[in-house]
């Protein structure tokens, strides 16, 4: 059943539609989130709003973004435009492969923003048609281009865009996995919003989950050196901060301290949380929570070979040079190719990553490392 507060919001929304002189610019944040809450749990209401919605699109897990670089943004389309364009390529969408992302203001009321994800069929092996070329043509017809989700997350400048993409990918993947009740194995009825699923037998309700991750920039007591790591299998020459998943029963500070010990084999003297976090949808949904830690620079580094290729202390000047290179080459087109050069600091993660923001603040002298001991 809808909550009382949600019913009030919906009544107000209907009134606004009836008397169009009232602008949604006067609708506050509370009204917006209560409307979203109503849409999340009321399938019939969301179904009636679907034809009025705006949508962003993924095809074969590739996101439709603007052609402009480096200011990458998701392309938003009206329901009718997207339906027509996809229909020309034999593609369809409906609520079953769409998820609710946000509520957008119009001059009259608020409309839903959906993400819709489509899997395109592969052409026959002997077909002269190239699927890659078809997707390129589709992207052009929709006013954009398709790109890898990870690259989109790393290069989008706007936090709202990155967070919406993280939500889009996370809900889409969760809805594709949660088909059976983990308790009784009966079928689950997925909400149209993809915000939850209810067991048809035991009525247990399941919600999308995410895993908390600590990401920590380690500095020395002088705050003039930072310890950065290169993950096994990552792009050559790219160094980042230490990160790892929290375990049951751990605080985030305890998680950060343990991950540092596991991955680089040193102890930290102090650690504090930064007012920074980032949803990250790959490979599974997580929330990265930023910390800064202080460790003595004379400790012997012992990397975990299963996780890392190398970990090194760098001066502020060295890290600043890598930051400058990254800003000049945000798509990492000039990555080093030789094995030795891959182990040298050339880049930090692109601007869309929380690690970039942490490292950049430290380079600019805005990240102090003093605080309480663990």
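Backbone N, Cα and C atoms are what each Cβ position is placed from, and that goes for glycine too.
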Swiss-Prot Mg(2+) 1 site partner of 263, 307, selected from 243, 246, 290
243
Listed range which Swiss-Prot flags as motif 'Nudix box', given the options 156-177, 178-199, 200-221, 244-265:
244-265
With the cut-off set at 10 Å between Cβ atoms, which of these binding-site residues ends up with the most neighbours? Options: 181, 184, 202, 243.
243
Counting each residue once, how many in the motif 'Nudix box' (244-265) are helix, strand and coil under DSSP?
13 helix, 2 strand, 7 coil
How big is the gap, in Å, between the Cα of residue 244 (substrate binding site) and that of residue 199 (Zn(2+) binding site), rounded to a whole number?
32
Measuring Cα to Cα, how many angstrom lie between residue 263 (substrate binding site) and residue 181 (Zn(2+) binding site)?
36
Starting from the Cβ centroid of 181, 184, 199, 202, which together make up the recorded Zn(2+) site, report each further residue of the same chain whose Cβ lies within 8 Å of that point, ordered by sequence.
182, 183, 185, 186, 188, 200, 201, 203, 204
